[in-house]
Amino acid sequence: MKPPILIIITSTVVLGTMIVLFSSHWLMIWIGFEMNMLAIIPILMKKFNPRAMEASTKYFLTQATASMLLMLGIIINLLHSGHWTVSMIPNPIASTVITIALAMKLGLSPFHFWVPEVTQGVPLSSGMILLTWQKIAPLSVLYQISPSINPNLLVAMAATSVLVGGWGGLNQTQLRKILAYSSIAHMGWMAAIMVYNPTLMILNLAIYIMMTLGTFMLFMHSLSTTTLSLSHTWNKLPLTASLILALMLSLGGLPPLSGFIPKWMIIQELTKNDMIVMPTFMAITALLNLYFYMRLTYATALTMFPSANNMKMKWQFESTKKMILLPPLIVASTMLLPLTPLLSIMD
C-alpha cells in the first residue's frame, strides 16, 4: 500500500475511535464506529491474498451486524427516553441490545468466533491493531453506560470468555491465534469488573495493550508466526527469546510482573462485592492461559535448536523493521508491579 493512502486510512481509523471516545451523542458514536470499521478493512487486507480477504469479510460481516444491533438499541433507547444523549439507559431491552452489540464488536464470548479466524488471516502488524486499538472504542462506550448494564449478563459473558480464551488456545501452534484467544480471555476479565469498578477496567485495558503491543512487536522483529519458527529465535536472537519469555509470563499474570496487577486488583474488587465463586473460577481458568504461554516460553527460550551455530553465514535474514517503542513497552509490560499502591489510590 502506498504511504499517502496508508496515512489517510490510518488517520481515519484513529479519527473514528476518537469520535467514539469524545462523543456524548449516540448518533456520533455510531458514525465513529462505522468510520473505524470501514477504514480498518484495507489495513487488514494490506497483504492481498485469499486468507486476508476471507478474514476481512468475516470481520466486516460481524462488525456490520454489531453496528445494526447497536443502532437498534439506540433507537429503542430514543423511543423510551426521548433524547440522544449517552446517559443512564432506562429501558432494560435497549441496555441489553447495546451491551450485546458492543460484546460482538469486542469479541466477548459467545460472539468470539470471528476473533481467532480474523487475526490468523491478516499480517502481524494488522493483527496487532485489531487486538489493541480496536478494543478501545467499544470499551469506552461500555464504560460510559456501565451503571445501566445488566450485571448478570455481563458476568455470564465474562465467565464464558475467560473459559473460551483459556480452552481455545491450548492446542494452538499459530502465534496469532494464541494471542487472539489471549485477547478473548483478557476481555473477559475486563467485562467481569465493568459493573463493579469501571476504572479498574481502564487499568486492565492499558496494561493489556502494552503487553500485546510488546508481544506482537517481538514476533514481528523475529519474523515468527508459528511456534516452530519461534523456536529458532534462541539460535538467532537470544535477547529477543528471553524478552518473549518475560512478556509471555506477564501476559499469564505471574506475580513479579505487570500482568499480575489487573488480575490481583480485579479479584480483590470482586471479593469486596461478596462474589466468591466468580473470582475463584476466573483464577482457575487463568491457569489454562498460563499453560499455553508456558508452552510458548518453553519452545522459545528453554529448548535449544538442534544444530550448532558455527556457520559464518546467517541462514535467516535479519529483520529490517525498526521497533522504536519496544524498549519502553517491554519495561512497562514487566516492571510496573511496584506502582500498584499508586494505581490503587487512583481507583
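Using the three backbone atoms N, Cα and C, a Cβ is placed for every residue, glycine included.
Automatic, uncurated: that is what TrEMBL annotation is.
Just so it is clear, the model here is predicted, and its values are computed rather than measured.
As annotated by TrEMBL, domain 'NADH:quinone oxidoreductase/Mrp antiporter transmembrane' applies to 23-288.
Annotation comment: TrEMBL describes 290-343 as domain 'NADH dehydrogenase subunit 2 C-terminal'.
If one looks beyond the transmembrane segment (5-22) by at least 6 residues along the same chain, the residues whose Cβ comes under 8 Å of a Cβ in the stretch are 28-29, 31-40, 42-43, 129, 133, 136-137, 140-141. Residues or ranges marked as transmembrane segment by TrEMBL: 5-22 (among others).
The feature transmembrane segment is assigned by TrEMBL to 57-80 (among others). Outside the transmembrane segment (57-80) by six or more residues, the chain places 26-27, 30, 33-34, 37, 40-41, 44, 89-91, 93-98, 100-102, 104-105, 111, 114, 117-118, 121, 130 with a CB less than 8 A from a CB of the stretch.
The transmembrane segment annotation in TrEMBL covers 92-115 (among others). Beyond the ends of the transmembrane segment (92-115), by six or more residues, the same chain brings 33, 58-59, 62-63, 65-67, 69-70, 72-74, 76-77, 80, 131, 135, 137-139, 141-142, 145, 148-150, 153-154, 157-158, 160-161, 163-165, 180-181, 183-184, 187-188, 191 to within a C-beta distance below 8 angstroms of the stretch.
As annotated by TrEMBL, transmembrane segment applies to 152-171 (among others). Listed by sequence, the residues of this chain that lie at least six past the ends of the transmembrane segment (152-171) yet keep a Cβ under 8 A from its Cβ atoms are 96, 99, 103, 108-110, 112, 116, 177-178, 181-192, 194-195, 278, 281-282, 285-289, 291-292.
Here TrEMBL flags 202-220 (among others) as transmembrane segment.
Here TrEMBL flags 241-261 (among others) as transmembrane segment.
Feature annotation from TrEMBL assigns transmembrane segment to 281-305 (among others).
Residues or ranges marked as transmembrane segment in TrEMBL: 325-346 (among others). Residues of the same chain lying 6 or more positions beyond the ends of the transmembrane segment (325-346) and with a Cβ under 8 Å from any Cβ of it are 199, 203, 207, 210-211, 213-214, 217-218, 221, 243, 246-247, 250, 255-261, 264-265.
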